[in-house]
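Down below is the structure, laid out as structure tokens.
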């Protein structure tokens with residue numbers, strides 16, 4: 001006899017078989033061990049890219065190191081001077097420094113005296129950056145953190161006597177900005193690197209004593225959201241032990257679930273292997289790539305590091321920067337914009353102005369940028385000035401030139417009975433009509449002083465196909 005038949009209560013409700021099956025499947029998934037990646041590109045390249053990176057869209061790159069002391073030519077100063085012996089660099093040194101002055105003598109002058117990480121982080125936040133990438137070590141080998149394998153050539157032993165990497169990371173994370181660490185695999189003049197080079201990179205003295213210990217240290221110490229590798233081009237990934245490091249990073253590191261890496265892990269890797277593609281500096285594809293990519297570029301068109309001989313014609317304009325940002329995001333990329341601080345840790349006003357202008361633009365148009373996806377059409381037909389993005393069922397048309405007649409003509413969107421059209425930064429709906437030449441949008445009659453932004457306006461279209 002059933003318990004409820006003798007007055008012990010009603011029968012329990014029947015549990016649907018489907019619910020039991022779903023519960024069982026969930027328990028199996030929960031019990032299943034996480035996928036592990038083997039140290040080969042087929043396995044590593046199959047790892048899904050963490051969502052945060054594609055949603056971020058815009059980041060700030062910071063090139064900062066010993067090269068900010070001479071601050072002349074570019075961040076490749078040491079190589080141009082001693083590696084290539086370029087006459088203009090030799091002349092610069094002879095005119096400005098005493099005989100026998102070495103590159104290491106710049107060390108004490110790299111003071112970072114006015115470096116206030118919270119000030120930097122506030123600026124980057126105001127710029128609308130969702131991630132920031134700092135050079136932990138450029139090709140010169142000087143590390144911006146107390147690396148135990150860079151004795152007397154790091155920011156704790158020489159110059160600032162501070163952990164620059166750690167300080168900036170703490171400031172950024174207080175503002176929920178993702179933190180990326182740039183790291184150069186090679187060092188131009190390190191004795192062990194030169195020894196491996198002499199041996200045609202058949203030995204790995206430098207990799208085992210310097211490169212790999214530093215990468216593991218950076219990950220365990222700072223838990224970065226992104227590792228921006230560089231300096232790979234002389235050697236294959238097998239010399240750098242890249243796949244071994246990345247398999248550890250994806251399987252066992254403290255950042256295994258959210259870390260993102262680029263594609264510079266060996267001379268055979270760029271644009272072929274990695275978490276996302278940089279390909280080369282200032283890479284700009286002509287059509288929508290199959291995989292996630294990032295355009296890295298610099299406000300100073302000539303140099304990544306700060307240089308005192310920069311002139312205004314070398315500086316990217318606000319219009320140029322916004323245009324590149326829009327085109328990059330429309331084609332599915334992220335836009336990483338570089339600035340170079342001074343040896344004192346200051347970000348010069350022209351760089352601040354450019355960053356703040358982007359932040360102002362994004363405060364109005366960010367809806368069309370952050371977390372967007374490429375639409376079925378990226379560039380409006382027969383034009384170079386209208387680019388599309390999308391979020392769900394909403395389409396955004398960003399136009400870079402205001403039509404003289406005040407009417408924007410679009411051929412790609414197909415209207416429906418539910419179509420609504422607005423401009424970001426303007427509260428009311430816009431008038432529109434469909435004509436044989438396409439969708440005609442009648443832009444608001446506003447002065448330059450009442451427009452939401454001065455350049456790059458966004459039309460929001462809902463209910464279109």
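If you go along the chain as it appears here, the first residue is 1 and each next one adds 1.
Cβ atoms are placed via backbone N, Cα and C, with glycine included.
Listed in Swiss-Prot:
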SIGNAL    1-26  signal peptide
CARBOHYD  241  N-linked glycosylation site
CARBOHYD  268  N-linked glycosylation site
SITE      296  site 'May be important for catalysis'
CARBOHYD  382  N-linked glycosylation site
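When the glycosylation sites 241, 268, 382 are compared by the number of other CB atoms within 10 angstroms of each CB, 382 has the fewest. Across the fold, the C-alpha of residue 382 (N-linked glycosylation site) and the C-alpha of residue 296 (site 'May be important for catalysis') stand 28 Å from each other. Close to residue 296 (site 'May be important for catalysis') in the fold, though at least 6 residues off in sequence, lie 61, 278, 281, 282, 283, 336, 338, each with a CB less than 8 Å from its CB.
Distance between Cα atoms for residue 268 (N-linked glycosylation site) and residue 241 (N-linked glycosylation site): 13 Å, as a whole number. In this structure, residue 296 (site 'May be important for catalysis') is part of a beta strand by DSSP.
Under the three-state DSSP scheme, residue 241 (N-linked glycosylation site) falls in the coil class.
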